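K.L.:
First the structure, which I've put down as structure tokens, then a few questions once you've had a look.
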Protein chains: 4
Amino acid sequence: MIKVGVLGAKGKMGAQTCLAVDEATDVELVAQLDHEDDLAELTKASTQVVVDFTRPEVVMDNLEWCVANGIHAVVGTTGWDEERLAKLQSWLDAAPGVGVLIAPNFSIGAVLMMQFAAEAAKYYESVEIIELHHPDKVDAPSGTARRTAELIAAARRDAGSAPIPDATTTSLDGARGADIEGIRVHGVRLRGLIAHQEVLFGDEGGTLTIRHDSIERVSFMPGVLLGIRNIVSTPGLTIGLEHFMDLA
Amino acid sequence: MIKVGVLGAKGKMGAQTCLAVDEATDVELVAQLDHEDDLAELTKASTQVVVDFTRPEVVMDNLEWCVANGIHAVVGTTGWDEERLAKLQSWLDAAPGVGVLIAPNFSIGAVLMMQFAAEAAKYYESVEIIELHHPDKVDAPSGTARRTAELIAAARRDAGSAPIPDATTTSLDGARGADIEGIRVHGVRLRGLIAHQEVLFGDEGGTLTIRHDSIERVSFMPGVLLGIRNIVSTPGLTIGLEHFMDLA
Amino acid sequence: MIKVGVLGAKGKMGAQTCLAVDEATDVELVAQLDHEDDLAELTKASTQVVVDFTRPEVVMDNLEWCVANGIHAVVGTTGWDEERLAKLQSWLDAAPGVGVLIAPNFSIGAVLMMQFAAEAAKYYESVEIIELHHPDKVDAPSGTARRTAELIAAARRDAGSAPIPDATTTSLDGARGADIEGIRVHGVRLRGLIAHQEVLFGDEGGTLTIRHDSIERVSFMPGVLLGIRNIVSTPGLTIGLEHFMDLA
Amino acid sequence: MIKVGVLGAKGKMGAQTCLAVDEATDVELVAQLDHEDDLAELTKASTQVVVDFTRPEVVMDNLEWCVANGIHAVVGTTGWDEERLAKLQSWLDAAPGVGVLIAPNFSIGAVLMMQFAAEAAKYYESVEIIELHHPDKVDAPSGTARRTAELIAAARRDAGSAPIPDATTTSLDGARGADIEGIRVHGVRLRGLIAHQEVLFGDEGGTLTIRHDSIERVSFMPGVLLGIRNIVSTPGLTIGLEHFMDLA
């Protein structure tokens with residue numbers, strides 16, 4: 001049983017993580033801390049892995065302390081840049097047995113969709129992305145759609161793919177979507193939807209569609225658990241859940 | 001057996017119509033004319049209904065002659081405006097038993113999609129349209145998508161619907177599609193596709209999707225035959241195949 | 001403001017109805033009763049419409065009392081048969097101003113899907129139904145899928161449609177789905193789904209798909225409110241929400 | 001330029017292959033043989049690779065001759081069993097530089113769909129397959145659906161996955177589809193469709209769908225060309241196009 005502590009335990013993702021760790025049979029919830037709590041409780045409870053769903057303002061302090069105390073970390077908190085990653089790397093260099101996973105997306109389905117899209121990219125003449133979300137979302141396209149487009153564009157560059165065909169000469173403004181490194185991306189906003197994405201590949205006579213639908217926060221928990229189970233034996237810095245997924 | 005003549009019989013749609021009329025058991029192909037042929041062959045063959053898939057430059061002469069000779073017409077040729085329709089109406093006023101159907105779209109599926117979309121419009125908070133076509137198409141969005149958006153917008157105005165919710169504040173140019181009377185329309189262009197459209201309606205907790213896929217020219221033939229069978233008993237000018245469809 | 005009382009107010013659907021009535025601006029929640037409460041509270045609160053989400057064992061007593069006291073009813077409770085409907089009708093005959101709506105399905109989207117499917121049925125050679133639900137559902141196919149199949153089969157009989165083509169000669173048991181009056185129905189059970197249905201129509205060269213997705217109980221509330229708003233001016237017995245939907 | 005000969009050049013797939021080889025810039029069509037033609041024409045034309053779309057009755061003779069004459073082969077002809085494969089292997093053992101590819105499916109999209117399905121299988125609690133074809137197909141489910149189910153079942157066995165949840169206790173015969181090694185498979189037959197398949201994976205709160213649509217015979221040509229380009233440098237027997245696809 002891996003002993004797990006949750007930082008940000010009263011937040012939405014943190015609370016969900018506490019439930020998920022509680023239910024799983026191979027991990028044990030030993031500490032639930034929120035912003036007023038003392039990190040020392042983690043060592044008192046012999047925590048092996050922390051899951052951090054806190055805020056950019058506190059995550060660096062949390063990780064410095066955890067790494068120094070030999071506690072592995074699975075991090076869903078955002079706000080990472082080159083400088084922060086370098087600092088974290090330096091702490092890890094000084095603690096050779098400790099592992100930290102930073103995951104921009106804990107949805108295993110989203111990670112699979114991006115991986116498959118990157119693999120399929122070079123075999124198709126055409127590709128477009130449609131992401132569909134609830135209408136309260138403030139940005140378009142979604143971060144996952146942007147990342148997918150970048151991965152596909154990179155795979156096409158590597159394969160020396162020709163530009164995607166498009167004979168459009170007359171168009172209403174916006175009709176053909178946003179252009180991300182040559183990949184067209186469309187953002188739909190509809191009440192009744194949560195978070196969905198379709199990647200469409202096409203070639204003469206056939207198409208391949210990869211679609212991911214996420215309808216509840218709980219859908220991230222298998223990814224969090226996958227992170228916990230793997231980080232204990234993966235020293236150093238790992239960025240992206242896909243490194244713990246045994247793809248192909 | 002309704003005796004049918006085809007104008008533009010060597011064009012793609014005309015040739016397909018000849019085949020379809022030939023195969024149907026309640027209509028009979030009695031004349032196939034192309035641009036060099038004499039319209040008088042129609043009366044010689046006792047034609048009751050002509051199907052016109054010619055060009056805007058000749059369709060008016062064809063119809064003037066047919067109406068004057070008591071021949072009904074089913075017209076797929078484009079290029080209609082107020083002036084042309086008024087002229088056609090004046091010919092029909094002088095020939096009370098004759099009927100002419102002008103159909104912008106002979107796809108029964110597309111007509112059903114548009115009708116259903118117009119009916120559903122007032123029950124939903126959100127609606128968006130995605131049309132998907134082969135990459136050789138020059139205009140975006142498609143004419144069917146524009147028409148669908150207009151019908152939905154009109155239905156929402158009649159019902160006094162509130163504006164469609166959309167919290168987007170940060171957006172890449174084009175990500176949220178084209179705006180047609182307040183309805184967002186996205187145009188996808190992908191090798192391997194032919195002509196497809198999805199209308200998505202959404203409300204708290206649920207969505208309704210109406211999708212039409214057209215993969216061959218032959219898909220327009222049931223609509224052409226429906227026009228032929230009904231125009232013989234529908235004097236005057238009829239615009240739109242939906243008038244011959246017994247909806248709801 | 002229509003004064004509304006909820007029977008079965010502590011059940012899942014009843015509680016959701018209380019919230020929805022509370023939030024809507026043209027109706028007012030004046031009474032919330034559960035099984036131990038006295039119906040007389042309804043008249044004390046001047047209730048105009050009750051919404052009944054109780055159980056088959058008590059719904060008849062509830063309705064007899066409400067009709068006798070001049071209170072309209074919107075009923076989601078199940079268990080109706082010919083005998084029960086006849087008894088309810090006799091009570092309504094004796095109370096000419098009172099209206100009762102019995103709705104097997106309060107989802108406006110599901111009702112639209114069924115209506116559209118019935119309208120489209122006669123125009124297509126082929127049709128099949130796929131319903132998709134969470135894996136805790138005990139029956140297959142769903143009641144909505146059965147009802148949709150029956151409506152489509154009736155529309156095809158009325159139109160004199162030929163049997164649906166199917167050349168299958170070698171088949172694994174179950175591969176072609178269940179047969180409901182000649183319509184093939186497939187039931188998918190998948191973790192992560194809630195309640196979904198697709199009706200697929202096909203003809204030479206084209207298909208039309210109508211899909212309904214319901215992901216939360218709240219999706220039934222617009223239908224409940226539609227019932228409340230209409231039953232006050234619809235004396236007698238109404239079966240099915242579609243009668244309050246101005247379709248086509 | 002790889003010199004290519006086509007066996008069965010007047011059949012549907014053979015004729016399509018001749019067109020595709022003709023159009024591609026890195027391969028050259030040097031021989032088109034049909035059943036009455038002499039295989040010696042292949043060597044006269046310095047053929048490097050043959051593509052065989054003939055019949056089970058003649059394919060063995062064709063391959064024995066080609067292998068003996070140092071000509072590589074890409075084979076789409078069906079009817080392979082252990083005995084035939086063993087015989088072919090023995091011929092190849094005696095001709096160490098020669099390569100033969102036997103591909104049950106030349107659709108790159110179908111191969112990708114199967115690969116991705118096999119990769120995703122272990123991450124999901126639920127999975128079902130829906131294949132959709134034109135109504136003239138005689139077998140259900142399709143061969144691709146069976147193969148996909150077998151690959152998914154094997155991946156789940158390897159991962160020690162629990163049985164797929166299904167609470168169904170009341171079911172119309174066939175409603176839950178066919179059972180292939182524990183995977184439910186549904187076969188839809190609809191006029192207007194060609195060849196399509198969806199693999200649906202589901203977990204608490206999210207689903208992943210992989211869909212392949214094939215609408216024309218031409219969609220197999222990129223796979224045939226991929227086979228030609230790779231078999232010249234892949235001595236021995238290769239079964240399945242996936243071995244020439246650089247997946248993950």
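Cβ coordinates are placed from backbone N, Cα and C, and glycine is handled just like the others.
Any TrEMBL annotation is an automated prediction that lacks curation.
Pasting the relevant annotations from TrEMBL:
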- D:H133: active site, proton donor/acceptor (ACT_SITE)
- D:K137: active site, proton donor (ACT_SITE)
- D:G8, D:A9, D:K10, D:G11, D:K12, D:M13, D:G76, D:T77, D:T78, D:A103, D:P104, D:N105, D:F106: NAD(+) binding site (BINDING)
- D:H134, D:G143, D:T144: (S)-2,3,4,5-tetrahydrodipicolinate binding site (BINDING)
- D:2-106: domain 'Dihydrodipicolinate reductase N-terminal' (DOMAIN)
- D:109-244: domain 'Dihydrodipicolinate reductase C-terminal' (DOMAIN)
K.L.:
Rank the binding-site residues D:T78, D:T144 by how many other Cβ atoms lie within 10 Å of each Cβ and give me the one with the fewest.
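P.N.:
Selected from the binding-site residues D:T78, D:T144 on minimum Cβ neighbours within 10 Å: D:T78.
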K.L.:
Work out how many Å separate D:F106 (NAD(+) binding site) and D:T144 ((S)-2,3,4,5-tetrahydrodipicolinate binding site) at their Cα atoms, rounded off.
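P.N.:
Between the alpha carbons of D:F106 (NAD(+) binding site) and D:T144 ((S)-2,3,4,5-tetrahydrodipicolinate binding site) there are 11 Å.
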K.L.:
Round to the nearest Å and give the CA-to-CA distance linking D:T78 (NAD(+) binding site) with D:G143 ((S)-2,3,4,5-tetrahydrodipicolinate binding site).
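P.N.:
About 12 Å separate the Cα atoms of these two residues.
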K.L.:
So if I draw a 10 Å sphere around the Cβ of D:G143 ((S)-2,3,4,5-tetrahydrodipicolinate binding site), how many other Cβ atoms end up inside it?
P.N.:
12
K.L.:
Would you list the recorded positions among D:K10, D:P104, D:H133, D:K137 that come within less than 8 Å, Cβ to Cβ, of chain C, in the order they occur in the sequence, writing 'none' if nothing qualifies?
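P.N.:
Checking chain C against the recorded positions, the residues within range (Cβ-Cβ under 8 Å) are D:K137.
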K.L.:
In whole Å, how far is D:H134 ((S)-2,3,4,5-tetrahydrodipicolinate binding site) from D:P104 (NAD(+) binding site) when you measure between their Cα atoms?
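P.N.:
With distance taken Cα to Cα, D:H134 ((S)-2,3,4,5-tetrahydrodipicolinate binding site) is 20 Å from D:P104 (NAD(+) binding site).
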K.L.:
For the recorded positions listed here (D:K12, D:K137), tell me which residue's CB has the most neighbouring CB atoms inside 10 Å.
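P.N.:
Max Cβ neighbours within 10 Å, all protein chains included: D:K137.
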K.L.:
Given the recorded positions D:K10, D:H133, D:H134, and counting only Cβ atoms in the protein chains shown, which has the most within 10 Å of its Cβ?
P.N.:
D:H133
K.L.:
Determine, using Cα-Cα distances only, which of these binding-site residues is closest to D:K137 (active site, proton donor): D:K10, D:G76, D:G143.
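P.N.:
Checking each of D:K10, D:G76, D:G143 against D:K137 (active site, proton donor), the shortest Cα distance is to D:G143.
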K.L.:
Enumerate the residues of the same chain, D:H134, D:G143, D:T144 excluded, that satisfy the criterion Cβ within 8 A of the mean position of the Cβ atoms of the recorded (S)-2,3,4,5-tetrahydrodipicolinate site; list them in sequence order.
P.N.:
D:E131, D:H133, D:K137, D:D139, D:P141, D:S142, D:A145, D:A195, D:Q197
K.L.:
Any idea what DSSP makes of D:G143 ((S)-2,3,4,5-tetrahydrodipicolinate binding site), helix, strand or coil?
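P.N.:
D:G143 ((S)-2,3,4,5-tetrahydrodipicolinate binding site) sits in a helix per DSSP.
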K.L.:
Which residue, out of the binding-site residues D:G8, D:G76, D:P104, shows the minimum number of other Cβ atoms inside 10 Å of its Cβ in this structure?
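P.N.:
Comparing Cβ neighbours within 10 Å for the binding-site residues D:G8, D:G76, D:P104, D:P104 has the fewest.
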K.L.:
Reduce the DSSP letter at D:K12 (NAD(+) binding site) to three states and note it down.
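P.N.:
Note: D:K12 (NAD(+) binding site) is helical by DSSP.
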K.L.:
Quick check for the class: what is the C-alpha distance, in angstrom and rounded, between D:K10 (NAD(+) binding site) and D:T144 ((S)-2,3,4,5-tetrahydrodipicolinate binding site)?
P.N.:
26
K.L.:
Cα distance, D:T144 ((S)-2,3,4,5-tetrahydrodipicolinate binding site) to D:H133 (active site, proton donor/acceptor), nearest Å?
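P.N.:
With the alpha carbons as reference points, the distance is 12 Å.
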K.L.:
For the domain 'Dihydrodipicolinate reductase C-terminal' (D:109-244), what's the mean pLDDT in this predicted model?
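P.N.:
PLDDT averaged over the stretch: 95.
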K.L.:
Just to verify a number: CA distance, D:G8 (NAD(+) binding site) to D:T144 ((S)-2,3,4,5-tetrahydrodipicolinate binding site), in angstrom, no decimals.
P.N.:
24
K.L.:
Per DSSP, what is the residue count of the domain 'Dihydrodipicolinate reductase C-terminal' (D:109-244) in each of helix, strand and coil?
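P.N.:
Across the domain 'Dihydrodipicolinate reductase C-terminal' (D:109-244), DSSP assigns the residues as follows: 51 helix, 44 strand, 41 coil.
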K.L.:
Whole-number Å only: compute the distance from the Cα of D:G76 (NAD(+) binding site) to the Cα of D:G143 ((S)-2,3,4,5-tetrahydrodipicolinate binding site).
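P.N.:
Each residue's Cα considered, D:G76 (NAD(+) binding site) and D:G143 ((S)-2,3,4,5-tetrahydrodipicolinate binding site) end up 14 Å apart.
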